[in-house]
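The feature transmembrane segment is assigned by TrEMBL to 55-72, 92-113, 125-144, 150-175, 187-207, 213-235, 255-278, 290-310, 322-341, 347-373, 380-400, 420-440. For 256-450, the entry in TrEMBL reads domain 'Major facilitator superfamily (MFS) profile'.
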């Protein structure tokens, strides 16, 4: 079996040729940065040398995991609520999927703004604000279950504001406490979202049967406040987040950043298709809503496992290698496994594999950005990167819904889902190709840790 060449997992290994400044500068033993070097990258390397790789950082990581439990877990369970709202006759699956997409798209629309918000307010206050908005969006959604426009405002925009702030907080803070263990730290943070989705899907399904849709929204909102606000109080930065330009346009002079920007833009189109449509897919197979909720729970649990595994692989194999493998696995699972999942057995296999690959995208991306472009600019670089996700977040699942409706809708049997499945798989495959180009642009040695 081929082995991966060992090297230290810091920005140094991925910056043998520094392209951010527009020219190529090779690292030498001289600690004095060359005249044309990237000053922020140099500051990142100096700051990384003092990172504790533990200590209070584990408290911060645990608190961030609770935050992701709610903002990722709840957003991934929108499919459970969507199926219930479709059954109530509120609107079509494509329209309701658009509500969930609006919420997640706020990460992109407000990414650059929120990167500056957390620099001004600090991570603790920002996390508290984000959690408060998450809970408020859910509670107010309980009063809008008969009105599509109202749900767009509450479950879409207001809840999305909370998601966007929380996302930037948990993306920026782990790099301040971890260097060698940065991958697994990010993996733990984002695994919280997968575990949250696992539990929340069962809670939602139980609440829907006992108290109805309106009170399901409200109870989830109260739970977010009751556990998320105390957790946010433990989040704090180790050192003040460095003030940088609002947008660092020079990053686009590095072809790897441009490719990463494009890869993320494409990869987000298929990400929410499985969790949003699995409940409807299982109902089209003639199964109960409980089975659909179980599939979403299994997807989220697999996502949590995938986030942890990809975090571990990022530290051992390198984040770029891990990002490519997770995107490729996601594509192959949708193109090969999902179309032939006509019974519960193959569907479970698909859910496990796709869930693991899906989770790897989110946990690996901040590690890639921090290692390649410098931990000191994680917030602004991630803010720029996630801006490219707007199209996928906003239209990825709705496009699948429109394709489904054009192919016969939920009443057309599982065959009606295949065109939408191939659309999602094709987008994931395209993103994996771009990730491969980023990897090869950094180093052409196939087994090097990058």
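Cβ coordinates are placed from backbone N, Cα and C, and glycine is handled just like the others.
TrEMBL does not curate its annotations; it predicts them automatically.
Small disclaimer: the values here were computed from a predicted structure and weren't measured.
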Which sequence positions outside the transmembrane segment (187-207), separated from its termini by at least 6 residues, show Cβ-Cβ distances below 8 Å to it?
61-62, 64-74, 76-77, 80-81, 170, 174, 215-216, 219-220, 275, 289-290, 293-294, 296-312, 314, 355, 359, 362-363
Counting Cβ pairs under 8 Å that are 6 or more apart in sequence, does the total for the transmembrane segment (420-440) and the transmembrane segment (322-341) reach three or more?
yes
Let me spell it out: take the transmembrane segment (213-235), skip the flanking residues so only those 6+ beyond its ends count, and list any with a Cβ under 8 Å from a Cβ in it.
59-60, 62-64, 66-67, 69-70, 74, 81, 84-85, 88, 123-124, 127-128, 130-132, 134-143, 145, 155, 169, 173, 200, 203-204, 207
Could you tell me whether the transmembrane segment (290-310) and the transmembrane segment (255-278) have 3+ CB pairs under 8 A, leaving out pairs under 6 positions apart?
yes
So which of 55-72, 125-144, 150-175, 290-310, 380-400 is most in touch with the transmembrane segment (92-113), counting Cβ pairs under 8 Å?
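Between the candidates 55-72, 125-144, 150-175, 290-310, 380-400, the best contact partner of the transmembrane segment (92-113) is 380-400.
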Would you kindly list the residues that approach the transmembrane segment (290-310) from elsewhere in its chain, counting only those six or more residues past its ends and only Cβ-Cβ distances under 8 Å?
73, 76-77, 79-80, 83, 183-184, 187-188, 190-202, 204-205, 274-275, 278-283, 322, 326, 344, 347-348, 351-360, 362-364
Mean pLDDT across the domain 'Major facilitator superfamily (MFS) profile' (256-450), rounded to an integer, is what?
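PLDDT averaged over the stretch: 89.
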